[in-house]
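Novice: One structure coming up, written as C-alpha cells, with questions to follow.
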Amino acid sequence: MLRAPSAVQDCAAVEEYQEKSAARRAVEGVLAWSWCRVGGQWFAGTDDYVYLTLEGTAGCSERHLLDKPFYNDFERGAVDSYDVTVEEDLGEIQLIKIEKRKYWYQDDWYLKYMTVKTPVGDYLEFPCYRWITDEKEIVLRDGRAKLPRDDKTQILKQHRRKELETRQKMYRWKEWHPGFPLSIDAHSHSDLPRDIQFDNEKGVDFILNYSKAMENLYVNRFMHMFQSSWSDFADFERIFVRISNTISEYVMQHWKEDFMFGYQFLNGCNPVLIRRCTEIPKKLPVTMDMVECSLERNLTLEEEVKQGNIFIVDYELLDGVDANKTDPCTIQYLAAPICLLYKNLENKIVPIAIQLGQEPGPDNPIFLPSDATYDWLLAKIWVRSSDFHIHQTVTHLLRTHLVSEVFSIAMFRQLPAVHPLFKLLVPHMRFTIAINTKAREQLICECGLFDKANATGGGGHVQMVQKAMKDLTYSSLCFPEEIKAKGMDSKEDVPYYYYRDDGIKVWEAIKSFAEDVIQIYYESDEVVCEDVELQAFVKDIYVYGMRGVKASGFPKMIRTREKLAEYLTVIIFTTSAQHAAVNFGQYDWCSWIPNAPPTMRCPPPTEKGTVTIEQIVESLPDRGRSCWHLGAVWALSQFQDNELFLGMYPDEHFVEKPVKEAMAKFRKNLDEIVNAIAERNKNKKLPYYYLSPDRIPNSVAV
C-alpha cells in the first residue's frame, strides 16, 4: 500500500511517495475520464466550446471536445464529467491543455480544477482557479508542488518558463508617485488581468459604497452641508448610530476621559505608535513641576522614566505636511503633537502632557491635565486627529495595502503556479491588487474621495507616505521584533496590551505553519539557496517594493530555511492579521467624530485659558465632512461578501497529504487562539477581537 508521508517527515520520503505515485499515473489504455469543476462566482459558467488535450511523456493526444448531447455544460458551480478516448500511449501525463472557442458571443469561464482518471484508476488533479477569457487556451500541470530543481523533462521546464514570461508581461511595475513602493501598471480596475479582478466590481466601488453607507446610516441629508458647523457635542449624535453595548457607543460615552484616551494607544485601531520613553526629548521641555500632580509613586519624573512608567507618542512625521486646500471656502489645519503618557498605579496608560507642535516656545505651550477643562480637552482632540491621519495614511495605507501589493506583484511575476510558495501565498493575495487599483482610481487620487473630508487630502497624504518610507523596514514588519524595539514586549510592565498579546499568538501560529510547509519541500538550506524562483521573488520585493534601499533591511536573498520561514511569516501576517488589526476597528473608534476628527477647521491653540466649547465645536469637522467621514469608516470596516478568514483555503492549490495535514494543524492552532480570546473577552466592556483568527481575512481586500 502506498502511504503518504506526514508533514514532519523529511523531503526524501516525500520524493519517494511522489515517484511511486507518478509511476502509476500513465494513460496506457484507450479510455480516460475527466471532469471539471466550474467556479461559483456570478457569470463563472460558459456556453462556449471547450476542448481538452492531454500531453504525456510519450506523446500528445488529439483535441477532444467536451460536450454531452442534450445537456447544458459548464454551468456556474457545476461538476461535469466526460469520457475521453485516447488511442495512443501517452506515457505519464505531464500537462493538459484547455481551449475555449466562441459559440455565440464572448463568454468568460472560471475553471476551478480539472481531474483526470486514468484507465488504471489513478486520479490526477489539475488546479486552475483562473478565468479563461476570449478564445484562449491555458496549459495546466497537475497539482503536486514542484521546485525548479524537481522538473527533469524539457516540457515541464519550458512550461514553467513560459508561464513566468507571460505573467511578467501582464504584471508590470509602475511608479504611482515618486518615493512610493512601486505598484501595478494599470490605470483602472478594468485594466487588470481578469484573474485578479473582483468578481463584482460594483461591490468595491468606493463612491457607491460610501453613498450606500451614508444612506444606511441615515446621514445623507447632511452630506452636502459643508461649512455648516454643529451646535455642540450632543449635536454630533444626530449622525451617530447608537448600537447598544458596542465599542462605538462606549467611546461616545467616555471619549473625554483620560483613561479612554490612553487606552486607544494600546488597543484602538492604531495601536502601533506608543513606545516606552527612555529619555524626555529636548523638544518637549516637560518639568517635574508640570506633571507632579499626575505622578502617583512619589518619584521624580526622571525616576519614573527609569522605572519604565513613562511612554511617548510623537507625530513628528506630520510636521511640514501641507493641509488640504481643495476647498477654498474651508481652511483646514494639521498639527504634529507630542504626547507623554504615564502608567498609573492601576496599570492604566493616561496622558500627562501634550505639546501640539515640534518646536518648543511661548506660542507652543505644554498642555496638562491640571489645565482648564476645555484647554486639556482640545489638546487631546488635536492628538486624536493627528493619530487618525497617521493611521489612515501610514499604518493602514502604506504598511498594509501598499506593502501587500508589492508582495502580490512579485509573487505573480516570479513564482509559477506549480511552486509551493505560490500555492502557499496566493490565498493571501486575493483581491489585493484590485482593491489598491480601485483606491488609486477613486479614493486617494487627485480630487478623490479622500480629499472631501480629510485634512491630509489634496496631496498631504502623498507627502506623508514619502516621508514614512524611511521607517518602512523589514524588522518593523517582524511583529515580535517591532514590539520589542518599542519597549512594549513585557506583559508584566504593560498588562493590557491585547494587540501585542493576540498578535504574538497569531504570528507564532503562522510561523509554525510556514515552517511545516518549508520542511516538506526544502530538505536543507542549500535547497533554499538553489531555488532561483524564490530568490527572484525576494529580489523583486527589494528592488521594486523597497526601491533598492539598503537601509530598509529587506533581504536581497534568502539563504536558510529559518530565514525563509520568517520571511513568509512577515508576508502572511502583514496581508492578514496586521491589516485586520488596523482596519476593521475603524467604525468602532472613529465613528464618534470628536474622538477621531478627520480635519480641524481652526489652528491649534497658542495659549492657555482661552478655549471655549464654541471654539472646540467650530474647530471640529462641519456637517458635510462629518458625514463623508462616517460613511468612509463604516464602509472600510465591513467584511467582503463571502469573506475567507485566516486558515480557510477552499481553493485546493495543494493536493499533497502532508501539506493538508499541516493546514489542519494550522487551523487547530488558530481555533485555540479564537477560544482563548473569546474567554478573555467575556464580560469586558471593551472587548478586543480584531486579531481573533475568525475575524482576520486571509488578504487585504477592503
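Here the Cβ of each residue, glycine as well, is placed from N, Cα and C on the backbone.
Automated prediction, rather than curation, is the source of TrEMBL annotations.
What TrEMBL lists as Ca(2+) binding site is Gly45, Asp67, Asp107, Asp108. Sequence annotations record features per position, and here TrEMBL assigns Fe cation binding site to His396, His401, His579. What TrEMBL records for 30-146 is domain 'PLAT'. The annotation domain 'Lipoxygenase' is assigned in TrEMBL to 146-702. The site 'Essential for stabilizing binding to COTL1' feature in TrEMBL is assigned to Trp131.
Are these features on the surface or tucked inside, and what touches them?
Specialist: Listed in sequence order, the residues of the same chain lying 6 or more apart from Asp67 (Ca(2+) binding site) and placing their CB within less than 8 Å of its CB are Tyr49, Val50, Asp73, Tyr82.
In the structure as shown, the Cβ atom of His396 (Fe cation binding site) sits within 10 Å of 21 other Cβ atoms.
Confidence in the domain 'Lipoxygenase' (146-702), given as mean pLDDT, stands at 93.
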Novice: Mind checking how the domain 'PLAT' (30-146) divides into helix, strand and coil residues in DSSP?
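Specialist: Helix (H, G, I), strand (E, B), coil: 0 helix, 61 strand, 56 coil.
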Novice: So of all those recorded positions, Asp107, Asp108, Trp131, which one's Cα sits nearest to His579 (Fe cation binding site)?
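Specialist: Result for His579 (Fe cation binding site): the nearest of the recorded positions is Trp131.
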Novice: Give me the long-range Cβ neighbours of Trp131 (site 'Essential for stabilizing binding to COTL1'): same chain, 6+ apart, Cβ under 8 Å, in sequence order.
Specialist: Asp108, Trp109, Tyr110, Arg194, Asp195
Novice: Return the count of C-beta atoms lying within 10 angstroms of the C-beta of His579 (Fe cation binding site), excluding that atom itself.
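Specialist: 24, counting other Cβ atoms within 10 Å of His579 (Fe cation binding site).
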Novice: Please list residues from the chain of Asp107 (Ca(2+) binding site) whose Cβ is under 8 angstroms from its Cβ, counting only those at least six apart in sequence.
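Specialist: Result: Thr46, Asp47, Asp48.
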Novice: Cβ distance under 8 Å to His401 (Fe cation binding site), same chain, sequence separation 6 or more: which residues?
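Specialist: In sequence order, the residues whose Cβ lies under 8 Å from that of His401 (Fe cation binding site) (at least 6 apart) are Thr432, Ile435, Asn436, Ala439, His579, Val700.
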